[in-house]
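Record features, source Swiss-Prot:
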TRANSMEM  9-29  transmembrane segment
TRANSMEM  55-75  transmembrane segment
TRANSMEM  79-99  transmembrane segment
TRANSMEM  115-135  transmembrane segment
TRANSMEM  155-175  transmembrane segment
TRANSMEM  196-216  transmembrane segment
TRANSMEM  253-273  transmembrane segment
TRANSMEM  312-332  transmembrane segment
């Protein structure tokens with residue numbers, strides 16, 4: 001285990017430095033292409049200065065994760081599936097970014113197109129896992145050892161979803177991917193939160209005997225850590241949908257392959273709080289004509305409440321650390 005933990009640490013370090021190397025090579029290229037970010041005029045006024053900052057920086061993260069994962073030498077089917085999910089979702093995001101910032105069509109992919117593509121990838125992932133995993137259509141329920149009885153209702157530690165497995169997994173994957181996308185609204189927020197969540201899965205995978213997934217998650221951790229060098233405030237580059245969808249795909253794939261889909265809303269609580277704030281805002285406005293938050297997603301609400309952008313980011317990082325510690329308790 002000592003050697004394995006060292007290898008995981010080496011992977012994080014390698015991912016970090018590969019990102020540091022790729023950044024200065026790719027960012028100037030993105031600037032030449034003039035793939036600048038468009039900032040919402042109704043958003044916080046401080047964000048207007050971000051207009052023109054290169055986006056599609058997620059290519060840096062994806063490239064770093066690929067190189068780092070393969071250099072570790074622990075290549076198996078799980079690794080290929082995790083990488084496939086990350087690249088597939090990253091490609092969907094890239095197409096969306098390309099249409100918006102290169103072809104200058106502000107809408108990008110239409111909502112139904114983006115959702116359809118995401119569902120297709122998620123279905124493949126769900127079918128693969130249900131057929132390959134020894135657990136079949138079972139998932140692990142956090143905080144339950146053996147079984148938990150609540151009155152006349154018993155919750156098993158290994159919950160068999162049966163025919164509901166595939167739609168459930170598709171929902172988790174698509175929800176995670178889009179929640180990460182909504183989280184990517186402040187400098188360093190999505191990359192910082194994701195490096196913490198990825199580190200959680202790397203440690204868990206190592207302890208549970210999934211070495212290739214541990215290496216993959218460690219590669220994501222190191223790559224996100226390196227990306228913060230360019231994405232922390234004031235950001236030199238944004239990851240765009242290319243990066244946020246890829247990271248959402250990576251996190252959800254590792255969780256699905258380890259049969260711990262139910263832990264994602266816990267450790268990724270920030271992701272889902274961001275998504276929930278948008279849903280509640282829309283529902284409230286349509287039903288009552290009033291808004292619950294000053295602005296959604298949630299991070300903008302805190303900005304408009306007087307918090308500095310960096311404070312929001314750091315607080316959300318801290319919350320994620322706490323949530324990951326709670327997640328560890330729920331699975332050990």
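Including glycine, each Cβ sits where the backbone N, Cα and C put it.
The transmembrane segment (55-75) makes no contact with the transmembrane segment (253-273), as judged by fewer than three Cβ pairs under 8 Å among residues 6 or more apart in sequence. Panel annotation: around the transmembrane segment (9-29), residues 54, 57, 59-61, 63-65, 67-69, 71-72, 199, 202, 215, 218-223, 225-227, 229-230, 236-237 of the same chain, lying at least six beyond its termini, place a Cβ under 8 Å from a Cβ of the stretch. In this chain, the transmembrane segment (115-135) does not touch the transmembrane segment (196-216); fewer than three CB pairs sit within less than 8 A of each other, excluding pairs fewer than 6 residues apart. Distant neighbours of the transmembrane segment (115-135): 77, 81, 85, 88-89, 92, 109, 158, 165-166, 169-170, 173-174, 177-178, 245, 249, 252-253, 256-257, 259; these residues of the same chain sit at least 6 beyond its ends, with a Cβ under 8 Å from one of its Cβ atoms.
Taking Cβ pairs closer than 8 Å, the transmembrane segment (155-175) reaches residues 85, 115, 118-119, 121-123, 125-127, 129-130, 135-141, 144-149, 249, 252-253, 255-256, 261, 264, 272, 275 in its own chain, all 6 or more past its ends.
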